[in-house]
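Peer 1: TrEMBL lists 94-132 with the feature domain 'F-box'. Taken from TrEMBL, the feature repeat 'WD' covers 202-241, 242-281, 282-321, 325-364, 365-399.
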């Protein structure tokens with residue numbers, strides 16, 4: 001009771017001064033008596049638990065005027081508005097700040113860079129523009145197609161051993177260029193704009209093109225005349241011809257180091273992409289190699305002999321057979337894979353799924369009425385095309 005009486009006595013002079021504040025007259029400077037009374041209040045305040053302290057402050061606020069509320073609000077604002085992004089690195093939690101900002105879209109990320117130097121540092125050191133581009137490539141087929149054709153996919157995701165990735169500024173400046181490319185492509189499709197250019201591959205020996213891949217600088221084609229021809233994208237002239245296969249070149253893929261091709265001569269050959277020199281010949285399949293895919297030190301080939309071969313690629317000259325996958329009852333026409341699954345499609349009308357790490361069989365996807373000619377797999381989605389005139393979409397996890 002004594003405590004309550006003292007507090008009431010302390011508050012009372014403050015309450016009586018409210019009328020003068022309401023009338024527009026500010027209270028006079030506090031006296032020495034006020035300082036003693038204030039200290040007594042604070043002394044009691046610190047002894048109470050949090051609930052009692054809050055209740056006491058509510059009682060005080062209820063007795064204050066609008067001017068006093070405004071003054072207290074101005075005092076509390078900076079205490080309540082904390083820059084937690086800047087505070088996290090000081091506590092060794094840079095990764096948390098990076099993870100929060102990684103959910104921003106491009107325009108929000110641009111705005112975040114302008115908040116302060118610390119935010120800009122977190123975005124830069126966290127390589128958040130790189131992560132944004134990677135997220136787009138994973139989820140948008142147009143982005144992925146551009147990444148593959150333009151060649152900058154090599155700078156994304158896990159770096160290859162010994163390779164050096166560009167700095168944050170590279171990805172920061174690359175993003176608007178990609179957006180401009182995508183806008184141009186979409187506009188061209190809507191408006192029907194195109195420039196038709198032809199490469200004349202016909203000759204006495206060359207009777208058809210079975211496969212090709214291209215980027216901004218070159219087109220690499222596999223021909224029925226047993227050769228691989230490399231064409232300049234600007235001049236459309238053949239700049240190199242790779243000879244070595246003794247049968248039609250049915251499939252190929254290249255990266256910044258090598259071209260790998262499969263042929264009806266049943267071999268897989270590896271070529272230097274810059275010089276055209278033959279680096280390796282893989283002899284395993286006993287019939288035509290119909291399709292192949294390689295990525296991140298691994299290659300998968302498939303053949304008319306109904307088998308699928310999984311290879312480990314240490315280098316272009318060190319390629320070792322890891323496992324042979326058998327199960328299809330007709331030629332295996334196409335394969336695709338990622339770090340989780342290998343997917344194969346066959347003339348036997350089925351798609352088979354295998355575990356990438358263990359190479360164990362997982363499941364068969366049934367549905368097509370005739371042989372399957374083409375297939376693409378990304379994330380959980382498998383898209384297949386068949387000579388039964390249908391395109392089917394599959395969820396790889398449940399079939």
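Numbers here mean position along the shown chain, with the first residue as 1.
Every residue, even glycine, has its Cβ placed from backbone N, Cα and C.
Unlike curated entries, TrEMBL annotations are predicted automatically.
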Peer 1: Work out, from DSSP, the number of helix, strand and coil residues along the repeat 'WD' (365-399).
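Peer 2: For that range the per-state counts are 0 helix, 19 strand, 16 coil.
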Peer 1: Within the repeat 'WD' (202-241), what mean pLDDT does the predicted structure show?
Peer 2: 89
Peer 1: Where DSSP helix means H, G or I and strand means E or B, what are the helix, strand and coil counts for the domain 'F-box' (94-132)?
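Peer 2: So the counts come to 30 helix, 0 strand, 9 coil.
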